[in-house]
Amino acid sequence: MSIKSDRWIRHMAKQHGMIAPFEPGQIKQNTTGQRIVSYGTSSYGYDVRCSREFKIFTNINSTIVDPKQFDNGSFIDVESDVCIIPPNSFALARTIEYFRIPRNVLVICLGKSTYARCGIIVNVTPLEPEWEGHVTLEFSNTTPLPARIYANEGVAQMLFLQADPDDVCETSYRDRNGKYQGQTGVTLPRT
């Protein structure tokens, strides 16, 4: 597998709808000229933004976190330009961008250093071949203080790995009817 460059990312987004909406350059300021956490195409990746839709984890029901029987009541829904994550807690969000991953591509998501240096970790599982949807993002606040996430700004970087022509997967995410195929909005755990 080889990592793909900005040229390839632009081509795939424009000609094949791999990322929408798509920013071909790197945006570092908002429309008023204020500096923001950058998003858009980078040398070997694409920096995604999170939407204004957040689910903030709380333990108001003193429940046990169980991925097989997740209690949706453990979240508070927030729609805002800013999300405040409680100390040692987490929040879910989703990308503004909708992805359509080709069969011969695997996408790895890494957090942006701006957030990591503040103790805010972004976790996303790989975007598998032929998966499509909005990416659900998980932000962990590892600090003992509240932490802030900004909507409509960069939060994570996607790296695109392309398989060699003779090594394309036999079974894609779509082939096996993956449970998160076509997800929109912030998607909670499914079993």
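Counting starts with 1 at the first residue shown.
Backbone N, Cα and C define each Cβ position, glycine as well.
Owing to the predicted nature of the structure, the values given are computational and were not obtained by experimental measurement.
Here is what Swiss-Prot records for this protein:
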- GLU138: active site, proton donor/acceptor (ACT_SITE)
- LYS112, SER113, THR114, TYR115, ALA116, ARG117, THR136, LEU137, GLU138, GLN157, TYR173, GLN183: dCTP binding site (BINDING)
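Structure coloured by features recorded in Swiss-Prot.
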residue : record                             : contacts (Cβ under 8 Å, 6+ apart)
LYS112  : dCTP binding site                  : VAL37, ASP47, VAL122, GLY154, VAL155, ALA156, GLN157
THR114  : dCTP binding site                  : VAL37, GLY154
ALA116  : dCTP binding site                  : VAL122
THR136  : dCTP binding site                  : LEU92, ALA93, ARG94, VAL124, TYR180, GLN183, VAL186, THR187
GLU138  : active site, proton donor/acceptor : PHE90, ALA91, LEU92, VAL122, ASN123, VAL124
TYR173  : dCTP binding site                  : ILE101, GLU128, PRO129, GLU130, TRP131, GLN181
Could you find out if DSSP has GLU138 (active site, proton donor/acceptor) as helix, strand or coil?
strand
